[in-house]
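These notes concern the structure reproduced below.
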């Protein structure tokens, strides 16, 4: 097929516009995104530190929570630093290889997070529906296999997206009206047919819908088991056990659902609304997850409080030693 002279099969770089229509507000929009990133990093690293240092938390539930915290750090780090570069210092250019790398990590961590939420739903299901067999079913080996499966599944689904982009020729327009590189945003810049890319995108959406369906079915069984419990206190305790996970599920899938609905059916919705929803989908869950678990999970809350009190006690001892001598 003949291509025009200005065609580059693989361009040297792309230009990320940020949030089209809100360019004058970029510098101010950057501050809440920076705050979100700081909270996400501090919160998730705190959870990882607490789980690592406290042996009482070496249980399947907290191993899955550690996986969630790791994917949250990866997802926020893959998106927000570049976003802040666009907002604050007009660093809009991104080389082709870096764009593909960012796309890979964003989609990879998104699929990993969805899979971890499925694993956590299974953990809750076993804990509520088969409590006596919990330790026999969810052994350390099983948790390790699930963790490996989360990683491998994401790779299997994401690697084709890179190959599908590499096969496309890119014509004159190298401007991406977004804050980060993502599969369909890049595909739409191509001058070739992107039918296969669209089919791949629909398969990826079906993958997330499958995860949501599995989680929903798990909680249907959980609720049935909970309402069969003999006492009101037992029912409340069981529901509280699942409360944190439900909040995390809503924090992850709700922005994603709104983003998908406006992208597919909101043709009259301004572009900046699409971009803001897409950003919420990848930056809000990493911030909310550690806050939700820190507040709602007693073991995490107690361990963080214990560490803080120990540090305060050490500082007080050092102060007394210095004042005495």
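Here, residue 1 is simply the first one shown, and the rest follow in order.
Glycine too: its Cβ is placed from the backbone N, Cα and C atoms.
What Swiss-Prot records for this protein:
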{"type": "DISULFID", "residues": "99-191", "note": "disulfide bond"}
{"type": "CARBOHYD", "residues": "5", "note": "N-linked glycosylation site"}
{"type": "TOPO_DOM", "residues": "1-27", "note": "topological domain 'Extracellular'"}
{"type": "TOPO_DOM", "residues": "49-56", "note": "topological domain 'Cytoplasmic'"}
{"type": "TOPO_DOM", "residues": "78-101", "note": "topological domain 'Extracellular'"}
{"type": "TOPO_DOM", "residues": "123-141", "note": "topological domain 'Cytoplasmic'"}
{"type": "TOPO_DOM", "residues": "163-198", "note": "topological domain 'Extracellular'"}
{"type": "TOPO_DOM", "residues": "219-238", "note": "topological domain 'Cytoplasmic'"}
{"type": "TOPO_DOM", "residues": "260-274", "note": "topological domain 'Extracellular'"}
{"type": "TOPO_DOM", "residues": "296-325", "note": "topological domain 'Cytoplasmic'"}
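Taking H, G and I as helix, E and B as strand and the rest as coil, DSSP gives the topological domain 'Cytoplasmic' (123-141) the counts 16 helix, 0 strand, 3 coil. Mean model confidence for the topological domain 'Cytoplasmic' (296-325) is a pLDDT of 60. Across the topological domain 'Cytoplasmic' (49-56), DSSP helix (H, G, I), strand (E, B) and coil residues number 7 helix, 0 strand, 1 coil. Following the DSSP three-state reduction, the secondary structure of residue 99 (disulfide bond) is helix. Sequence-distant contacts of the topological domain 'Extracellular' (78-101) (same chain, at least 6 residues past either end, Cβ-Cβ under 8 Å): 10-18, 26-27, 29-30, 33-34, 36-37, 109, 162, 165-166, 176, 179-181, 186, 279, 282-283. In the three-state DSSP reading, residue 191 (disulfide bond) counts as coil. A Cβ distance under 8 Å defines the sequence-distant neighbours of the topological domain 'Cytoplasmic' (123-141), meaning residues of its chain 6+ beyond its ends; these are 60-61, 64, 218-219, 221-222, 225-226, 238, 241-242, 245. Sequence-distant neighbours of the topological domain 'Extracellular' (163-198) (same chain, 6+ residues past either end, Cβ-Cβ under 8 Å): 3-4, 6-11, 13-20, 78-79, 82-83, 86, 94, 99-100, 102-103, 106-107, 204, 271, 275, 278-279, 282.
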